């Protein structure tokens, strides 16, 4: 039934949005297309999974550890792959290549670690509770996921727009050299940006791992591809755009799988992208976000 | 107060500054004038730590600041208002000012600094909730100066503050600078508009092709026939 599929789509889509948000943040502030964002997501899921398997931690702790793991991998990635390029003032394209290389390394490390197995969270990691609501089956897990995503987004917006750290991040996003002249430490800003970006990916990783009941070393790659769609659809640099586009894609994908065929999902998602770009080349929210958009001079 | 000692800077093999030495005394306005591409902005950026020195040393009140990263130089009290104003366009006027205070590492919520900036440039108080990108060029310049003041500079560096502004606005900005200086602020001013700079400053230096070619009291330089010939001939026609 349609309502049920829409609900499932919203849940998956909100996690896509969370994933895309971190990608968007790094792109907005550092102008880096971080092709390793999918592997950060995967390592976040791994961190959460291993915490559950090895130390039998409860679900909320696993999510936190996923955030921490994703954040740490992301910060290390910045230090190793991007910071040396920034120091030399290398062109933006170099960082794409660098991030592809880093993602390959992170992928093969994960492959070695897990011997290419598909792993699962234990079935009892999250209690299965189902509410019936006008014939709609709503799982507690789905509510919790949407709740976490909303919390993260509100938290991120608050951090960016209501705190002094966020003000400094927006300042660096606009002009790093001017920010430095005012006394802003760009290293501290990059640390925050990459940690937040990785933590969001890590949380998304644990959640997707629990929802689809599978954690494996390639789990981030299809998401990265969809994150591109989310970001282009939503408009580069727009946080609201990333979220709404994430929801849209989650819904399109779920509906396609339910009513057409699983194999068609990506084809239809990308067709939707081309259609939108034909009508609105700046994405659905690119125009509206252009004024507030984080761009670098 | 600010001592620049034998400073050279190279950009990919090209020497932009060659052994520049000058010193800014406490409480003065020091003007650095010269044609486009002479190395004026490079000198400011070298002092601010944005550009590495090939040789030489820069000291602020006896403390060596050359070699420090830009944000530490700013926190030490040498704050630059960059060319082209560079306000953070998506942030509001109030946020830009607040940023200037926090970025310089000044704690506390005293409103004295903000009141001072608002009394210097009342328009900033009026437009405090507007995005800085929507201000006019002159207002952006005032905001850029106000933002630097919020960081309580010991020496204020200004790069071409008159650039692209209407004469009335230039007057207003320079009057404010003179007022700040009378209250004790030391200012190093880089200007292409030599006449204006020499009228405002106490001491000045002329830079050409990366070298200081004249140095002295501003009035003496303004009266020097060679300088007048070089810099005012054109300036008079322009004005």
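Positions of Cβ are set from backbone N, Cα and C atoms, glycine also.
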> Do you know which of A:143-161, A:162-180 TrEMBL annotates as transmembrane segment?
Replying inline: A:143-161
> Cβ pairs under 8 Å with the transmembrane segment (A:224-252): which stretch of A:6-29, A:61-81, A:187-212, A:258-279 has the most?
Replying inline: A:6-29
> Against which stretches of its own chain does the transmembrane segment (A:6-29) lie, if we need a Cβ under 8 Å and a gap of at least six residues from its ends?
Replying inline: 37, 40-41, 74, 136, 138, 142, 145-146, 149-150, 152-153, 156, 169, 172-173, 189-190, 193-194, 196-201, 203-204, 207-208, 211, 223-224, 226-227, 230-231, 234, 236-239, 242-255, 293-294
> Does the transmembrane segment (A:187-212) make contact with the transmembrane segment (A:61-81) through 3 or more Cβ pairs under 8 Å, each pair 6 or more apart in sequence?
Replying inline: yes
